[in-house]
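Taken from Swiss-Prot, the feature substrate binding site applies to F53, I54, V55, Q56, H57, Y115, R119, T256. Here Swiss-Prot flags H242 as heme binding site, drawing on sequence analysis.
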Amino acid sequence: MSGTAEENTREVEAGVVTDFTREMSYGEYLHLDELLAAQHPLSTPEHHDELLFIVQHQTSELWLKLVLHELRSAMRAIAADDLKTALKNIARVKHIQRTLTEQWSVLATLTPTEYAQFRGFLANSSGFQSQQYRAVEFALGNKNAKMLDVFAHDGPGHAQLTELLEAPSLYDEFLRHLARRGHDVPAELLERDVTKAHVHTPALVATFRVIYEDAQRYWTEYEACEELVDLEENFQLWRFRHLKTVERTIGFKRGTGGSSGVGFLARALDLTFFPELYAVRTEIGS
């Protein structure tokens, strides 16, 4: 028995606003005209799958913008000894990380044959040049002043990275917070050159062991430690999915930005933000 079109149509309620001559619309609030006009495939003739490649990376950049927003808030909160706010920020970052990691499954639908037909139009542009990705790494403590050279052409981007390079990282702020709470944090870490990457410090492992083995007493610190481990693990999962997506798409070709490609990405898996939080696991209960 067939129905009617009216039965399968939702009526617009009387209270729904339809006149936007004097009101701000959804599209205006989000600046959708500019956002949806920002995809400019360069392949000639235009290749169908280049739009996928562009949208994948543009949406990633939007999520990275939000990650930075939340990490900056978390660092300010920790500096003010407001760990509850910081943990809320970090929880949101973790959800964004999972979204970013899952997005690789969309790009993985791009076959090697399809990508090869427009890859040459990328010239030397590469995700390695993502200023926001580098900013996230700096905020988490993986700092390298040489990376600034890549952004010499980008005044505002270079300035933001310089600011993050010279500021304490999320981990630096957390260790300072622990010291203010009376935990035994080595002075060398509290006074270190924050423009350098954090180096594994065995003496700090003992401090974390105290927290982990008396979690009820130090519950807030314990919870924060586990949140940081989640943060790093999610980041490593993103790196791994990136590597495997690149491998299945271009094999072991060199990257468009001049890197060795998969080999270069694989070495990033050895980098760590919070090494003592992993090292302490060997010590607990022993």
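Placement of Cβ uses the backbone N, Cα and C atoms for every residue, glycine included.
Location within the structure of each feature annotated in Swiss-Prot.
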| residue | record | DSSP class |
| --- | --- | --- |
| F53 | substrate binding site | helix |
| Y115 | substrate binding site | helix |
| H242 | heme binding site | helix |
| T256 | substrate binding site | coil |
- Note on the structure: Counting other C-beta atoms within 10 angstroms, the emptiest spot among the binding-site residues F53, Y115 is Y115
- Query: Between Y115 (substrate binding site) and H242 (heme binding site), what C-alpha distance do you get in Å?
  - Reply: 16
- Message: Between the Cα atoms of R119 (substrate binding site) and H242 (heme binding site), what distance do you get, rounded to the nearest Å?
- Response: 17
- At its widest, how many Å does the recorded substrate site span between Cα atoms of F53, I54, V55, Q56, H57, Y115, R119, T256? 18
- Item | Whole-number Å value for how far H242 (heme binding site) lies from Q56 (substrate binding site) (Cα to Cα) | 12
- Fewest C-beta neighbours within 10 angstroms among the binding-site residues H57, R119, H242 belongs to H57
- Item | Long-range Cβ environment of V55 (substrate binding site), under 8 Å and at least 6 residues apart | Q39
- Count the other Cβ atoms sitting within 10 Å of the Cβ of T256 (substrate binding site), across every protein chain shown. 19
- Message: What does the structure give for the C-alpha distance between T256 (substrate binding site) and the residue listed as 'heme binding site'? Integer Å is fine.
- Response: 15
- Message: Using a Cβ cut-off under 8 Å and a sequence separation of 6 or more, which residues in the same chain sit near I54 (substrate binding site)?
- Response: Q39, H40, P41
- Report, as a single number, how many Cβ atoms besides its own are within 10 Å of the Cβ of Q56 (substrate binding site). 15
